[in-house]
Amino acid sequence: MADFENFGMIIFFFLITLSVLTGYFLRSRHVMLVHETGVAILYGAIVGIIITVSSSSEKLQSFVSFNSEVFMLFLLPQIIFESGYNMRRKAFFKNSSTILLFAFVGTLISMLIISFGLMLFVKIKWVPVNLSPRDCLIFGSLISATDPVSVLAIFTELKVNRDLFANVFGESVMNDAIALVLVQTFLKFDDTHPISAGFIFKSIGMFVGIFIGSLAIGTLFGFLTALLLKHIKIQQIPLLESTLTIVLAWVSFLLAEEIGLSGIASVLFCGIMDAHYSFNNLSKESQHLTKEWIHLLSYISETFVFVYLGLAAFTVTHAFKWQLILLSLFLCLLSRFLNVYPLSWVNNKFKEKKKQLKKKEIFVVWFAGLRGAIAFALSLILDSENGRILMTTTLTIVFFTVFVLGGLTQPVLKKLDLAYKDKDESLYKQKKKTTFLEFDRKYLKPFLTHQRYGQRELDELTQESYKITIKKKVQAYKEFEDKESKIDLVNENQNENEIKSGWESEEETVTESDSDLLIEKNKNKKNDQKNSDSDSKSTTTSSTGSEKD
């Protein structure tokens, strides 16, 4: 038995390694048609087929099948905590109204459309499955959990603008927490409860109670982590700081689950509080270490989950009902459309023109509503007789959205011309301070961190002035270089002119002296010639006289 279990672990880690290497190959060549998540699912499916066909060991098949308890207790908390901790907080708070509108109201709209749509199809016999109202509500809740892991990776690769990234990412994170709370709420009922006004109000009350209680636990653990890091002063040992941050977040998850609340919502808000407060109390080395470790654990967990997902396609007994699958997929797309577009219209009504969602951005928000591992894991905890049918339906929808919608995301973004970088970071800064942010800046930050009131503004002002000073120095240096090069050029031209003029004056001097010498020589020659002529004349005269005598 132990041998089979070790062999099963080897299979999992081998598939993760293979997925990482393939992901590197795809990223290095900018291939976005299939992402690492899809690759992990494909590898898991291939190994699942091989195990199912060739292996006679039931132990091995059961070990490589999807285990919802492992996912819920060990993998999912790390994924959700990383989502809250490494969230771009400025982008999140700037778009918080839009994110919360899509996450809360949008998820409820999606859940109601899918749930009551299935009830209608069951009633008119379009679905050959006798689903109870409770089954429909649970399925509508879990299938509303969006999980755009591959889409967000493509967003990062193509450097989509921050507001669109924040809206899709923030909505998916909050949406997962809300969907989980809805599922936990409906699981507390049984099939004997009819859909009535009392049932609806009771469900709403339980949902609000679970969500607020989970939020409170996550926030309190975030505050506790910040105070411990502020007062016990263990900055000298970065490893202990990082360990304390991660372990306390996990405790918040387990405590919330133990008392009947949502551990996912708790660990999400704990991650947000840790990033906002605890991060400021960490040493510089530990800030980097904690962020990278949390991201690493989340990445490994996500890859593990998608490998699980591929294996589950062939190692779990399925019950396909194609009418139910097709109608559920139609309801997923329809409910996503009926919550994104109307809520975008409402959102734009109360926003300035420059902050409104554009038509093509609204389309991308609708298109990015993929279903993933969270929806599938929740389908495994159904305790009704139709649980296997709903699990198979969920898995099929996950495969379709990940491979079809996820694969088309890059062409869609390029077609809509949304693959660009933020042009000016200064335009992204918040100008208005809300009441909560002002209270946080005056009271919470000084109490929970080493940061004093007004210190952040002073730091930002100092940093801004430092940047301006550096820019001025760089500009002055460039101007100095340009001026020096011009001076050098002028001096060089002047030197050349002086050399040329020297050459010319030297040539002129030599010419004049030579001409004077020639003139003197000519004069001397003429004088010599005159003297010689006179001498010859005198000689001739004397000779003639002598002859006469």
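Every residue, even glycine, has its Cβ placed from backbone N, Cα and C.
Feature annotation from TrEMBL assigns transmembrane segment to 6-26 (among others).
According to TrEMBL, the domain 'Cation/H+ exchanger transmembrane' annotation covers 19-415.
As annotated by TrEMBL, transmembrane segment applies to 38-57 (among others). Cβ atoms under 8 Å from those of the transmembrane segment (38-57) belong to residues 4, 11, 15-16, 18-19, 22-23, 26, 64, 150, 303, 306-315, 399, 402-403, 406-407 of the same chain, restricted to positions at least 6 beyond its ends.
Sequence annotations record features per position, and here TrEMBL assigns transmembrane segment to 69-87 (among others).
As annotated by TrEMBL, transmembrane segment applies to 99-122 (among others).
The annotation transmembrane segment is assigned in TrEMBL to 137-156 (among others).
Only residues 6 or more beyond the boundaries of the transmembrane segment (168-187), in the same chain, are considered here, and those with a CB under 8 A from a CB of the stretch are 80, 83-84, 87-88, 91-92, 95-96, 99-100, 102-104, 106-108, 111, 134, 137-138, 141-142, 144-148, 151-152, 155, 203, 206-207, 210-211, 214, 262, 264-265, 268, 364-365, 368, 374-375, 378, 381, 383. Per TrEMBL, transmembrane segment is recorded for 168-187 (among others).
Same-chain residues lying 6+ beyond the ends of the transmembrane segment (199-229) with a Cβ under 8 Å from its Cβ atoms: 177-178, 181-182, 184-186, 188-189, 193, 241, 244-245, 248-249, 251-252, 255-256, 259-274, 276-278, 280-282, 448-449. Here TrEMBL flags 199-229 (among others) as transmembrane segment.
Residues or ranges marked as transmembrane segment by TrEMBL: 296-316 (among others).
Here TrEMBL flags 322-341 (among others) as transmembrane segment.
Annotation source TrEMBL lists transmembrane segment at 362-382 (among others).
According to TrEMBL, the feature transmembrane segment maps to 388-408 (among others). Proximity of distant same-chain residues to the transmembrane segment (388-408), defined by a Cβ-Cβ separation under 8 Å and at least 6 residues beyond the stretch ends, is recorded for 33-35, 37-38, 41, 129, 131, 135, 138-139, 142-143, 148, 150-151, 154, 309, 312-313, 316-321, 324-325, 328-329, 332, 367-373, 375-376, 379-380, 382.
Annotation comment: TrEMBL describes 491-549 as region 'Disordered'.
According to TrEMBL, the compositional bias 'Acidic residues' annotation covers 504-517.
Residues or ranges marked as compositional bias 'Basic and acidic residues' by TrEMBL: 518-536.
According to TrEMBL, the feature compositional bias 'Low complexity' maps to 537-549.
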Which residues of the chain, 6 or more past the ends of the transmembrane segment (322-341), have a CB below 8 A from one of its CBs?
102, 105-107, 109-111, 113-114, 117-118, 121, 126-129, 139, 143-144, 362, 365-366, 369, 371, 389, 392-393, 396-397, 400-401
